[in-house]
Amino acid sequence: MKFTISDLPFEKIAATTLVVPLFTDETDPNRERLDKVTKGKFGRLWAQEVDRDVVGQIFRYTDLPGLAASRLLVVSLGERGKFTAQKWAKAAQAVATALANGPIGSAAHLLASVDLPQVPLAQRLRLLTYWFRQAQYRYDATLGENSAKAKAPKGADRVEHLIPEAATDALYRAVAEGDAIAEGALLTRQLGDLPANVCTPEYLAETAENLAKAHDLKCHVLDKKEAEKLGMGAFLAVAAGAKRPPKLIVLEYRGSGVKKAERKPIALVGKGITFDTGGICLKPAAQMDEMKYDMCGAATVLGTMKAIALMALPLDVVAVIPATENMPGGTATRPGDVVTTLSGKTVEILNTDAEGRLILCDALTYVQQRYRPSKVVDIATLTGAIIIALGKVATGLMGNDDTLLAELKAAGDEAFDRAWPLPLWDDYQELLKSRFADIPNISSGRDAGSITAAAFLSRFIEPGTPWAHLDIAGTAWLSGEQKGATGRPVPLLTHWLLKEAERAQTAHAETDQPAD
C-alpha cells in the first residue's frame, strides 16, 4: 500500500473510492459540499439513511454526479457535541476495514482533515497510515495454495490523505513513521499467528538474525551451553522438559552515534515462550492451542526493533529475548525445585506454569549486567489475572519509576494502544515468601496475581534502574471469530521511543549551547 498527501478539493480526486466523514449535524460543511457538487442527489440519499448516528457506520454510494471518484464511502462521526478522539479512531478503523475489503484501486479520504485539536495533524496521519496498513493483514503462512489466494488482500493499494493545508516534510515524515510502525506490527502479528511447530526458539533466533542483516543491527544468539556457563538457572529450568533447545537472543540497534563506552541503551526484554503447556503443572486442554501466543512479548520486541530501524531513530536500543518451550517430560522441572538465577538469588518453583517470570528474571539480569541500560521495559503475556482486571482493552502497566510509567501511559494514549497502571507497593512483596529459597515464583494465594508477578520481577532490577513491566496477556491476541495476534503493544512502544528520541535530541541540543 502506497501513501500520498494532497490538499486538493475532494470532488476533484479521481480515486476508485472517496471517503468522507460526516457529523450528523445538518450544518456539516462536508455534507453541504457533497450536496452542492452532486446537485442535491447526495442530500436526498443521506436523508433516507438509518443509523446515521452510529459512529463508524459506513454508507456506500455510486454514480454520484460531480465527483471524480468512482464510488463514495461516508462514515458517520455521530453528533458533533459528543465527538471524541476515541470516536474518531473508531470511525477511522472502520474505514480501514472497509477499504481493505473493498475493490482494488486507489482511495482518498478526509479523515485527517477532521477538526481534532487534541490530536495534531501529523499524529493523525501517522495513525491513519498505521490503521490502513494493519487492516490489510491476512495470515496465509500455513494455508494451502487456493486458501492463500482467497485470503490475499483485495482492497485499496494506494491511499491519498486529503488535508486542509499544504504538505510539509514533517507531515510526510509522519506518514513514513506510520508505515514503519505498521511494518513492525505486521511482523509481530505474523510471528504470533504462526503455529508452535513452526515458530520455535530457533525460528525466533533466525528471524532476529535476518532482521539484523536487513537493517544493519547486531545480533548474538546464546545457546543452552552458553546459558549454562553463565548460570541462567531460572531460564534453563523452564527449558528442562523441552526437546527443542532454548535460545537467548540479543539484538542491538545503534542509532545515537555515541561511542560504545558512553552508551546507556534503552533495554527491551520480551518473553519468548513459543508454546506453554504449563509444564508439570499441566494446563487444561481447552484453548491450549492459544498458548502459541505466549511468545508475543518476543514478537513485540522484534517488531519494535524493525520499526525503529526503519525510522532510523537516533537512539541506542538493545533487545533481549529468552526463548524456549515449557513442556512436561522426564527431565522437566518439578514443583518444589529450587534453582539459582543469574543474579545469584534462589527461586523455589512452586508452579511450573508461572514460567514467564522465570525466563524474564534471568534476561533482565543479563541485560543489566552487560549493557547498564538507562531504562528497562519488559513485555510479556505474563498473567491470566490481568485479563480479569483489564479485559482485552488495556495492557497492564507496572514498574518502579513514576516518570517512566507516565511516559508509557501517555504513549499508549497517543497511539490508541492504551495501558493502565497498577500499584506495585512494597506491601505486595509480603506475599512472596519462601522457607526454602530467597523467593518463590508465585504467592501463597490468588490475590493480586498480576501485581505479585511484577513484584517478583522487581526483585531482579538493580537499584536506580528505571524499569517498567507491560503485561500483554489480555491485549496481544484475540480469541473467537477474530482470533489472531493484534500487534499490540508495538504502537505504544514505538510512540514512546519516538518521544525518547525527541527528548534525547533536545537534551543534546541544550548541552551543545555555548556558555554565557
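From the backbone N, Cα and C atoms, a Cβ is placed for every residue, glycine too.
Positions annotated as active site by TrEMBL: K283 (among others). Other Cβ atoms within 10 Å of the Cβ of K283 (active site) number 14 in total over all chains.
With a 10 A radius on its CB, R357 (active site) counts 28 other CB atoms from all the protein chains. Feature annotation from TrEMBL assigns active site to R357 (among others).
Summarising the annotation, TrEMBL assigns Mn(2+) 2 binding site to K271, D276, D294, E355. Neighbours of D276 (Mn(2+) 2 binding site), defined as other CB atoms within 10 A of its CB across all chains, total 26. Annotation note: D276 (Mn(2+) 2 binding site) sits in a strand segment as assigned by DSSP.
Marked as Mn(2+) 1 binding site by TrEMBL: D276, D353, E355. According to its DSSP assignment, D353 (Mn(2+) 1 binding site) is coil.
Counting residues 6+ beyond its ends, the domain 'Cytosol aminopeptidase' (351-358) has Cβ neighbours under 8 Å at 234-235, 237-238, 271, 273, 276, 278-283, 294, 297, 326, 332-335, 339, 380-382, 441-442, 453, 456-457 in the same chain. Annotated domain 'Cytosol aminopeptidase' per TrEMBL: 351-358, in sequence order.
The binding-site residues under consideration are D294, D353, E355. Their Cβ neighbour counts within 10 Å are lowest for D353. In sequence order, K271 are the recorded positions from K271, D276, K283, D294 with a C-alpha within 10 Å of the C-alpha of R357 (active site).
Per-residue pLDDT, averaged over the domain 'Cytosol aminopeptidase' (351-358), rounds to 99. If you take the CA of D353 (Mn(2+) 1 binding site) and look 10 A around it, the recorded positions you hit from K271, D276, K283, D294 are D276, K283.
In the three-state DSSP scheme, K271 (Mn(2+) 2 binding site) falls into the coil class. Other than K271, D276, D294, E355, the residues of this chain whose Cβ falls within 8 Å of the Cβ centroid of the Mn(2+) 2 site are, in sequence order, V238, G272, I273, M291, M295, N326, G356, I359, A380, T381. Rounded to a whole number, the distance between the Cα atoms of K283 (active site) and D276 (Mn(2+) 2 binding site) is 8 Å.
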